[in-house]
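Chemist: Below you'll find the structure I mean.
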Amino acid sequence: MRAQLDSRKVFQTANYTFLIGISLLCILPFIHVLAISLSSKTAAAAGSVLFWPVGFTFKSYDYVLSKPAFVDALLITLKRVGLGTLINMFLTILIAYPLAKEVRDFKYRTAYAWYFVLTILFSGGLIPTYMIVNKTYLMDTIWALIIPGAVPVFNVILLLNFFRGLPRELEEASFVDGAGHWTVLWRILVPLSAPALATIVLFTIVGHWNSWFDGLIFMNRPENYPLQSYLQTVIIQQDLLRVASQSLDSLAEVSERTSKAAQIFMGALPILLVYPFLQKYFIKGIVLGSVKE
Amino acid sequence: MRSKRIKEMPLHLMLLPGAILVLIYCYGPMFGIIMAFQNFKPAFGFFRSEWVGFGNFTYISDLPSTFQVLYNTVYIALMKIVAGLVVPIGIAILLNEIGKTFIKRSIQTLIYLPHFLSWIILGGILIDVLSPSSGIVNRVLEGIGLPSVYFLGDNRWFPFTVVVTDLWKEFGFATIVYLAALTSINPNLYEAAIVDGANRWKQTWHITLPGMMPIIVLLTTLSLGNILNAGFDQIFNMYSPQVFESGDIIDTFVYRLGLVDAQFGPATAVGLFKSIVSLAFISVSYLLAYRLANYRIF
């Protein structure tokens, strides 16, 4: 008994150490980059920055925020997040409602469901999608970032399963009272689905904020790039092509590395601020989506 | 009788806008697949481009890099699938052993942070910390007397770097589902086991793991569908020409072939190959998930 208690203690200590170590591994790279973004050019180049800024300065942020390209890209992203989330949510709700009906209430329910689900199973691929977006005159407009993905089928499935879990008596009573589908959907089902909807809204916002590839291929002019596409060109492409940025050398306290670090951090900031508070919603949402009975 | 009272017309109307958008932007590209059998020229469009039968497919299979690309894709994807199943299960079991709710919560919050960020942000961070000259990882390696490694530029290292960094991004989030399965195990089972003299290890082996089995089986079968998804977003933002040999995958290959070199026909042909193989794997995985875990998507 005594030996068992001791080995339990050893295990607990090792377990705590291991898991705390793992969590540090997840957060330290971010802290390191944040520290670099707040350090002076010379300290960053000398490699003396670990997890605390050396030669503390906001110059890198001043520099980045003074670049019109960065600010314009940020505005485009905000526009896309707002418009895109609104349209995604509206269509998700509108599609999930009929598909949540039983076949005896809505004969074509299964046919429609397969019509939408097929698009997850099979896709035309990159090149034909590009051609269609091109042919429908969306190139270089904000709609190229919103319309092709306007129907998020996974979210529709999530919500329709949630609708099906709600007590049917509520809507039946409303139908008896003479309410139509539209009223039942918006007045009864939507308010009851607040937790599921909050989860989907969160994922939609994060998805739009993080999207970069559509901006890269559907925008011919870089001034139409949303933030993540813009960051792709300044942080990733620059580095991979080993192109040295000339314009920065003239600035005394900002280097390419510190300004990149500042841009990385600003691209992540909204998500860093929001996600800890939404934890309980998305845990509920993901469990609801994957383990259902 | 009830069905008579519920009108169906408004339901069709609600589905109409979504159905039209899906028709154009999901089914439209499926029609565009005919490009795979054409010498497609944008000026001539879908209808007047020259038909070449399976010419694009033979052209692709004659390219020297094609089979390397296919191999890279399956190799990286398989490693990701295995790591993405084993590690989150292990972490969930270990997290479950932590009694203090506050610490458990905090660890969870930290480990799913990377999941929410794009591969642009993470790629930028990784390029910085893994840099052979100034990156912090190599400075640590040198500090403890090891040679520095060019993680993103060395073909021997690149595939593993991709798998480990993908794991770093996703393991925390993947843990959520397993933790949920753990908390739904009936505590009476553990009490009975303790009465019977089972130690913690035996409890884990005989109660915890079997309790998680349904969800493990489900997620394993569903992950089969990813056999050709090695992760475009990640690799596109982490690779460079010097690691094409070990890191070029189907999706990055299609991108360069189609959108950079404007070889629309061959690129569509490769994309079609991927879609068909993926469809087969996804169908089998859904069928297995239905048979083994009684899973239905809707």
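Using N, Cα and C of the backbone, Cβ positions are placed for all residues, glycine too.
According to TrEMBL, the record shows the following:
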{"type": "TRANSMEM", "residues": "B:12-37", "note": "transmembrane segment"}
{"type": "DOMAIN", "residues": "B:70-285", "note": "domain 'ABC transmembrane type-1'"}
{"type": "TRANSMEM", "residues": "B:74-95", "note": "transmembrane segment"}
{"type": "TRANSMEM", "residues": "B:107-127", "note": "transmembrane segment"}
{"type": "TRANSMEM", "residues": "B:171-190", "note": "transmembrane segment"}
{"type": "TRANSMEM", "residues": "B:211-232", "note": "transmembrane segment"}
{"type": "TRANSMEM", "residues": "B:267-289", "note": "transmembrane segment"}
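Are these features on the surface or tucked inside, and what are their neighbours?
Modeler: Proximity of distant same-chain residues to the transmembrane segment (B:74-95), defined by a Cβ-Cβ separation under 8 Å and at least 6 residues beyond the stretch ends, is recorded for 104, 107-108, 111, 159-160, 162-164, 166-167, 170-172, 174-175, 177-179, 181-182, 204, 208-209, 212, 216, 219-220, 223-224, 226-231, 235, 247, 249.
Residues 91, 95, 98, 152, 165, 168-173, 175-176, 179, 233-234, 236-238 of the same chain, all 6+ positions outside the transmembrane segment (B:107-127), place their C-beta atoms under 8 angstroms from a C-beta of that stretch.
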Chemist: Assess whether the transmembrane segment (B:12-37) lies in contact with the transmembrane segment (B:267-289), where contact requires at least three Cβ pairs under 8 Å among residues 6 or more apart in sequence.
Modeler: yes
